[in-house]
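Peer 1: Okay, so Swiss-Prot annotates it like this:
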- Gly723, Pro724, Pro725, Gly726, Ser727, Gly728, Lys729, Thr730: ATP binding site (BINDING)
- 862-865: motif 'DEAG box' (MOTIF)
Amino acid sequence: MFTYVSKFFTNPDRNREDILESLDRENSFLDQKLMEEKMDQQLKANPNEINGVLSNKIAELTHGLSEMDVSKESSCTARKGVITSLDGDRGVIDKDVLFETKVAEDIILDLHVGCVVEYLTFTTGEAMRVVKVKSILEHSWEDTSQKEIEKAVDNLKNEKPTFFNTETRSVLGLISQRLASSIDVETEYGQLTVELDNIEMNFIPTNGDRVRLECNIQLDDGFVDKQGEILEVTKLFPTRIQEGEKCIVERVYVHMVVLGPETYILKTDLPTGTDLHLGDIVLADLIECQYSKFTRRAIKITPLEKNFGATKLTQQSSMGSSGSGKAVTVTGVNRFITAELWQKESVSLKLTNNLNRTLRLESITVCNDSESQLSVVSPLESKEISSGSEITVTFEIHTQFLGEAIEKYVLNFDLLKVRRVFTVIVCKTKEEVAEAEKRMIAAEALMAPGRNSQERSRFYANQVWCNKVDVIPGQQIVTKRRFVALRLGCFEVPKELRQICLTSERRQEMIKAIEQHYSFLTEPLSIKTYMHRFRLLLHLEEIECFVNFRNYDRDRAHFLRDGEFLTLQIENLAERRPSLVIGDTLRVINPWSDPDSQTTKSYEGIIHKVLFDRILLKFHSSFQEKYNGEDYRLEFYFSRYSFRKQHHAISKIVGVMGEDFLFPSKVTKRENPQLDVYMKDDDMYLYDSKLEWYNQSLNSIQKRAVFNILRGEAENIPYVLFGPPGSGKTMTLIETLLQLVRNLPGARILVGTPSNSSADLVTKRLIDSKALLQGDFIRLVSYNQVEKDLIPPEIMSYCATSDVGAVGSCEDKMMVTESGLKLRCQAKFIGTHRITISTCTTLGNFLQLGFPAGHFTHVLFDEAGQCTEPETMVPIVMLTKKRSQVVLSGDPRQLQSIVTSRIASKMGFSISFLERLLERSPYRKDLQRFPESSGYNPLVLTKLLYNYRALPSIMSIYSRLFYDDELIPVLSEKDSRESRLLSKLRCVFESEKDIPQAHGTFFYGIIGENRQNNDSPSWFNPQEVREVFLMTIALYRANVTADQIGIITPYQKQVKMLRSMFIGTDVVMPKIGSVEEFQGQERDIILISTVRSSEEILRMDARFSLGFVRCSKRLNVAVSRARAMMIIFGNPHLLAVDECWRQLILFCVKNNAYFGCDLPQMVINQKDEVPVCLETFVPSLNTTDDLN
C-alpha cells in the first residue's frame, strides 16, 4: 500500500499543475476586484453614463464565473480513498465518507480496512453519497497499523477527483420484489433497488409491474451509449397507463378480482366501500405487468354498471331455456352457491334438439380446464339427439377457492357450437350465501327485457339533473359582461318533459306520453304551432345531449396541476362523442357528501383548453389554490349558449318574417326588383352597362341563378339554389356575393354555414377571387376555434372573435395577434363589414350586439340542407321583412343535419328549412309551367345541372336514381384527365372481361359475414376488409397515390378494421371514413364497403337509417364522391332487395363490370330489361357547345 502512496511525494508535474491552478484562481479573483474598483471610480465621475455599461459588465463577469463554478463542481465524481472502517453492511472511506457494502457488488468479499479503492459519488445539495465501489487499487496488509492508514488518508487528499457530467434518462424495468419501503427492479443494466421514500410516483407499485424509472445517470465515454452508472432514481411511473378502459368482472378471489383474460386488480386498490361481483362493468386505469397469466393490472377503477353477480353470458344461458328460435335449448340451473371449500356437487342439464334433423353432440369442452372448477361427468363420448328429443348432460363442480367465478363450457355439435357458462360462488358463511342468492335474483330482474343499459343511463341522468346543490362558479374564459344590448332568455327544459324522457322505461311509452302532454305534436306544422313545436324539439335534443354527457361523469377522479390550470386526463378524448369544447363545465362534488344535505356544495370548473387527451380547467380560487390531489365525483355539463340562441330565434321569427316567409303558398312579385338587371344571351346588364362576371367559367344555368337572385323579384320568400353533387353550388354562391357587393352599395350580407370547414371554404374562395379588399369581409370564429388552433393560416388575418359587451359599458380590449387575428371585437369593430361569414350559431353572437333593424340586408346559406331549421333561423331573425333577401344553397337529397335525439328526429327536427320548403307549392316541380327551367319557378329556385366532378358512367347512376336523369356531364369520357386515369387502371380487373372503355363503375360481389363485438353496437365484415385492402394494393401498383383514393363505409367499426389493416401491414393509408366524413369531398377513386350480409339486420337498418340499404340520402352521398372510378364491395343477394341498389348492380352487370359471387335470381331475371348503353342514364347532348 505504501509503495502506491509514495508516488504522490515524487511527482513534480502534479505539484506544478496544482500551483498553476491556484495562480489561475487568484488572478481571476484579482481581475474581478480591479474591475469593480474601476467601475466605482467611473460611477463617481459620471453616474448617468456608466449605468448601462456597469450592468452589462457585471452580467458578463457573473456569467463567466458561474460557468467556471459549474464546471468545477460537477455532482458526479470518481475518487480514490482508503477504507477506514467496515462493520457488517456499512463502511467508511477516509474516516468521513459512509457507504453501504452492497454498492461494492462483486468485490464485496475482498474489502478490508486499509484497502485503497476507487469509488463513484453523487452529490445532491449538501449530501454526498457513494454510488459504487468500482475497484480495489491496493490491498491492505494484515499488520497495517492505524498510523499508517491515517498517513495514507492524508496523502490521498491531494488526489484530484475525476468529474463526470450527468443526464436524466428513462430506464425500463420489471418489479421483481416489493418490500415495505423499497422495490427491486430488473433492468437491462442489472438489478436495481429503489427506495420508495425518496422518489416521486403516481401509483402504488407491486410485484410484476412494468415500470419506467426516471434516473440521473453518469455520462461515461467508455460506453457506446455513454451511460455509466445509475446515480439516483428520482421518479417511478408505469410504462403506460390506459385510462378509462371498460372492463367486466369475470372472477372474484379473496385478494384480487379478474377483469378479463389478461387483466386483474388487487382488492386493496378498490375504492373504499366498493364490492365487485361477477358481471359488474367498470372503467379502469390499466398499467402493464407480467404477473402469472396477466399482462395488465388496474390501479384505479370507477364502477359503471352494477349487475349484482349476473353477466350477459349467464343471462343468455337462462334465456336459452325458453327455446324461442334456438337450434338447441339448454335447461337447468346455471349457478351454484355454497359456503364450503373443496365441496363436490353434481349438476345436470337437459339439451333439446329444436331442429327437424338429428344432431350429434361430439364433445363438451370446458374452457381453461386447468383452473376451472367445472368438469364433465357424462357423456364422455359422442351422442346423437334426434329431432325434438333431449339428452342429459352431467357436470361436477369442485369448489377450490373463496370468491366468484364464471366457468365457461362449449357444446360441440356436428353443425354448430353452443357456448354457455356456469356461475360458481363460494362464500365464507351461510349468511353470505343468502345474500348472494338475493343478488342473483335482483340481477335477473335488472337484466330483464325493457331495462337495458341505455334506459339505466337515463335514470342516472335524471338523478344528476335532480341533484340541486350550491354551485361555486369557476373562472370564466373572458370576463362576463354585465351590460349587453340584448339578454337572451334561459329557456330551461320543462320539468314535466324531463321527467317523461328520463323516467319512461320504454321508448314507445315515452313518445306516447309526450304526444299526450303536448297535443300540438299530433297537428301539422303551421304558423300556430311553429314556435311551440320547435321549442319542444330543441328541448328533446338538449335532454339527449345531457344524457350523452353522462358518459364523461366519474365517481372518482383527481386533477394534476399544469401552471395556472388544473388538468384532467380523458383517454381518447379526440375520438369521443359528444365532443368537449371550450366553455363546457364540470362540477366536482365530495364523494362522501350527502346529496340531499343543504350544506353540500360543488365547485364549477370551466374548460379553458381542450388538448388531445386532457382538458385544462379553472375553478374558483378557493378550490384552485387549495386543491391537493384529492378524489372527487365529477359531473360534466355542456354550454347552453347555442340552444339559447336557437330558442330566441324561434320565438322571434314568426313576428319578424311572418307566415308568408315560413310557410310560402304563393309567389308575390315586388313592385320593383331588388336590382334592375337583365340578361342578353349569357351577359348581364344593369341599365345599359354590361356587368363583368368575376368567374368567367360559369355555365349558363349558374349565370341565370345569379341573375335571378340579383333581381330578387319574389316578395319576402327565400330563394333556393338546388345543387346536386359536383354542380358548382359554392362557385355560384361566391359569384352572387361579389355581384351583390359591387352592385348594391347598401347590402350588408351574412353568410351562414352548418360547419366551420364550409365557412372556411367560402372564405378561401372569396380571398382567391381577389375581388374584395381585406376589410370588406370578415370570418367570425369562436374562441374554441382559436384555442384549438383550427383556423387555417391562409385565412387567419381575415378572422375575428366577438365581444357581446355593450359599447361604452366596458373597456375596449380588442387585440390583434401577429397573424392578424382580431380578438374580442365589440360592435363598433365587427358587424359593419360588407360580408360576414360564420356558422349559423356563431352568427347568433350578433343577436346580443344591439344592431338596429335593417342593419343586415341579406343572408346566404351554403350547405343549407345540413342545418336544422332553428339553426337556419338564427341569422334570419336579424333581418326585416321588407327589403331583405334569404338564399338557401344546398342539396336536400344528400345527408341531413346530425340530430342526436331519435324522438326529435322522428318528429321532424332533422328536416332542414330547405327540405321543408321544397314541399311547399311555390317550389314544387311543374314542367308544364316552367319547361325552360327544369320545371321550377325561376323566381324562387334554380336547379344546377352541369356536373363537373365525374365521368358519365359514374355520374349517370346518381343522376338517374336521385335527380330525374337531368344531370349533364362536363368531363369528356374520351379526352379528360379522369378518362386517361381510368384507362390506365383497367389492369386491376380481369383482362378477359369485355368492359366498355369509358365505364368507371364496378361491383364486386362478396358473400361475407357481418360481425359485432360485445363492446360495440357497430358492425364489420372481415371478408370485405380483405378485398378492399387487396384492391387498394393493386391500385398502388398501378401508380395511384393514397390521396387519390377514398374508402367509404357506413359503420365506424368497419372504418377501424380497415385502418388497422393498413397500419398493421405498414401500408400507406388513404382516407377511410363514414359517409358523413365524405360529404362535400371527392376523390379520383372511391371504394365502398357496404358491410351488411344479414336480412334481419337490414330490417333494423331500414328503421334507424343505418348503412346504405333503403337510406337513399346516404347512398347518394356514397356514390357521388368518385371522379374516375368507383368500386363497390357487397352482398348482391341482400342489396338487390332495394330498388336503387338493384338498378346499380344491373348497370354493372350489363357493362360486364360485375365480379365475384353468383348473382341473385332477381337480377338475372331482370338484366335483359336494362339497356347496355349509357344513353339511358345520360341526357344526350346535341352539340359540344353546351359544355362550355
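Note: Cβ is positioned from N, Cα and C throughout, glycine not excepted.
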Peer 1: Using a 10 Å radius around each Cβ and all protein chains in view, which of these binding-site residues has the most neighbours: Gly723, Gly728?
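Peer 2: Result of the Cβ crowding comparison: Gly723.
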Peer 1: Cβ under 8 Å, sequence separation of at least 6 from the ends of the motif 'DEAG box' (862-865): give me the contacting residues as numbers and ranges.
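Peer 2: Non-local partners: 729-730, 733, 751-755, 758-759, 761-762, 872, 888-892, 894-896, 912-915, 1080.
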Peer 1: Between the binding-site residues Ser727, Thr730, where is the Cβ count within 10 Å the lowest?
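Peer 2: Candidates: the binding-site residues Ser727, Thr730. Fewest Cβ atoms within 10 Å: Thr730.
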Peer 1: Beyond the listed site residues Gly723, Pro724, Pro725, Gly726, Ser727, Gly728, Lys729, Thr730, identify every same-chain residue whose Cβ lies within 8 Å of the center of their Cβ atoms for the ATP site.
Peer 2: Asp891, Leu944, Asn947, Tyr948, Arg949
Peer 1: Across the motif 'DEAG box' (862-865), what are the DSSP residue counts per state (helix, strand, coil)?
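Peer 2: Summed over the motif 'DEAG box' (862-865), the classes give 2 helix, 0 strand, 2 coil.
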Peer 1: Can you check what DSSP calls Gly726 (ATP binding site), collapsed to helix, strand or coil?
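Peer 2: DSSP assigns Gly726 (ATP binding site) to coil.
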Peer 1: Hey, of the binding-site residues listed (Pro725, Gly726, Lys729), which one tops the CB count within 10 A?
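Peer 2: Highest number of other Cβ atoms within 10 Å: Pro725.
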Peer 1: Write out the long-range same-chain contacts of Pro724 (ATP binding site), meaning residues 6 or more apart in sequence whose Cβ is under 8 Å from its Cβ.
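Peer 2: When sequence neighbours closer than 6 are ignored, Pro724 (ATP binding site) has Asp891, Arg893, Lys943, Leu944, Leu945, Asn947, Tyr958, Ser959, Phe962, Tyr963, Leu967, Ser1120 within Cβ distance under 8 Å.
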